[in-house]
Amino acid sequence: MLKTIIPTIMLIPTVWWSKPHMIWINATVYSLLISLTTLSLLNQPSDTNLNFSTTFFSDALSTPLLMLTTWLLPLMILASQHHLDKETLTRKKIYISLLISLQVFLVMTFSATEFILFYILFEATLIPTLIIITRWGNQTERLNAGTYFLFYTLMGSLPLLVALIYLQNSMGSLNFLLLQLMNKSITTSWSNSLMWLACMMAFLVKMPLYGLHLWLPKAHVEAPIAGSMVLAAILLKLGGYGMMRITILLSPITDYMAYPFLMLSLWGMIMTSSICLRQTDLKSLIAYSSVSHMALVIVAILIQTPWSFMGATALMIAHGLTSSLLFCLANSNYERIHSRTMLLARGLQTILPLMAAWWLVASLTNLALPPTINLLGELLIIMASFSWSNLTIILMGTNVLITALYSLYMLSTTQRGKFTYHTNNISPTFTRENTLMVLHLAPLLLLSISPKIILGLMF
């Protein structure tokens, strides 16, 4: 893993010592080279090549998320160029350095071998994200959004620390690799049920579970483009990754404790999808659609079957790329129209036809059109939940229908209709923006053709 972490850290001095006109080019090109090198390193024929270290390792669960994390840094830097045009040179450098440090923390989080180390890095990702949201957000509400984001995630994860320290004392080790070999089953007592709640709450807030999701639309709407991209694509996946890892520790209690959370997720999935149908703010709509998709992932993880885990992994990766792409498209609209209200951005298809094509593809992947990887993830989850309980098919089917409705509503509102008078003099699409869309869609296309890249050789 150091082959990824050290070059990424070295990007920070590269940015600070670059000539003013070369900052963006250097940061983008070198981060893209690092991500491509990491992809080739992670694509090893045997599992043991990266597992020599006792601190960092990669396995079938963390590798897809590591790939997504490294791939996203050049895309965030590409997307942020216009947003930071009028900023001073030092602020541009600080911004890029924060993105790079966030990437380092995320790579280390996904490859940590030990729970306490994972927890420390899990919390460390908050700091750069919070600075990015509160300093470079668009409106003054960003401070309120930052406060929500910080307090929800911190309050959720404090009980986790206490639970981890207790488990460390009782088990002797919290190493992921050792825990798989230890057969200590936890009894379903009151105290152990509370411990399960303490362990899961941090990840359920991060996912977020319906009811604990209020920080997410605020943070997404107020964050700058890179903040929205990293929040949607990776930070929500930290919750899913942590839940999958911690179910090893809490194996028998999860079956006993999962019912209320499964029902809340299934209900929340319908509710947040329905909320999307009456949104006027474009970024808010995409944020609520993220909550709806993540509810599916929570259901899959709590069911705990191999199929549901495969579905959760596939949907997390697919959603990461799709939601990031949608935020980029929303940002390209915002840069031209200076408003996130969908009614003001109508009729853009006649002015920007290529951008309308990207919107169409993004909306179709969001509603899980065959043969995309989104559909594969959703199908695996629907089948796993159906085998758990036949009644879930009603809620899942309703959710699929509403997802299609709000995706098409978003597409038709922004692209169709007669354009408003203030959109006459907007700038055409840049090559940078089109490259950004292609770099989002290329991995989605690749995964749709060959899902075994992330689902393993068993698929």
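Residue numbers in this text run from 1 along the chain shown.
Backbone N, Cα and C define each Cβ position, glycine as well.
Worth saying up front: this structure is predicted, and the values here are computed from it rather than measured.
Quick look at what Swiss-Prot annotates:
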TRANSMEM  22-42  transmembrane segment
TRANSMEM  60-80  transmembrane segment
TRANSMEM  92-112  transmembrane segment
TRANSMEM  113-133  transmembrane segment
TRANSMEM  147-167  transmembrane segment
TRANSMEM  196-216  transmembrane segment
TRANSMEM  224-244  transmembrane segment
TRANSMEM  257-277  transmembrane segment
TRANSMEM  308-330  transmembrane segment
TRANSMEM  351-371  transmembrane segment
TRANSMEM  375-395  transmembrane segment
TRANSMEM  439-459  transmembrane segment
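Beyond the transmembrane segment (375-395), the same-chain residues lying 6 or more positions past its ends with a Cβ under 8 Å from any Cβ of the stretch are 266-267, 269-270, 296-297, 299-300, 303, 305, 307-308, 310-319, 368-369, 448, 451. Residues 53-57, 95, 98-99, 101-102, 105-106, 142, 145-146, 149-150, 153-154, 157, 160-161, 164-165, 167-168, 174-177, 202, 219, 222-224, 226-227, 230-231, 235, 238, 242, 245-246, 249 of the same chain, all 6+ positions outside the transmembrane segment (113-133), place their C-beta atoms under 8 angstroms from a C-beta of that stretch. Of the Cβ pairs linking the transmembrane segment (92-112) with the transmembrane segment (196-216) and spaced 6 or more residues apart, fewer than 3 are under 8 Å, so the two regions do not touch.
Most Cβ pairs under 8 Å with the transmembrane segment (351-371) belong to 308-330, among the candidate stretches 60-80, 196-216, 308-330, 439-459.
Residues 4, 8, 24, 27-29, 31-32, 34-35, 38-39, 42, 47, 95-96, 99-100, 103, 106-107, 110-111, 224-226, 229-230, 233-234, 237, 241, 244-245, 309, 313, 316-317, 320-321, 324, 328, 331, 432, 435-436, 439-440, 443, 453-454, 456 of the same chain lie 6 or more positions beyond the ends of the transmembrane segment (60-80) yet place their CB under 8 Å from a CB of it.
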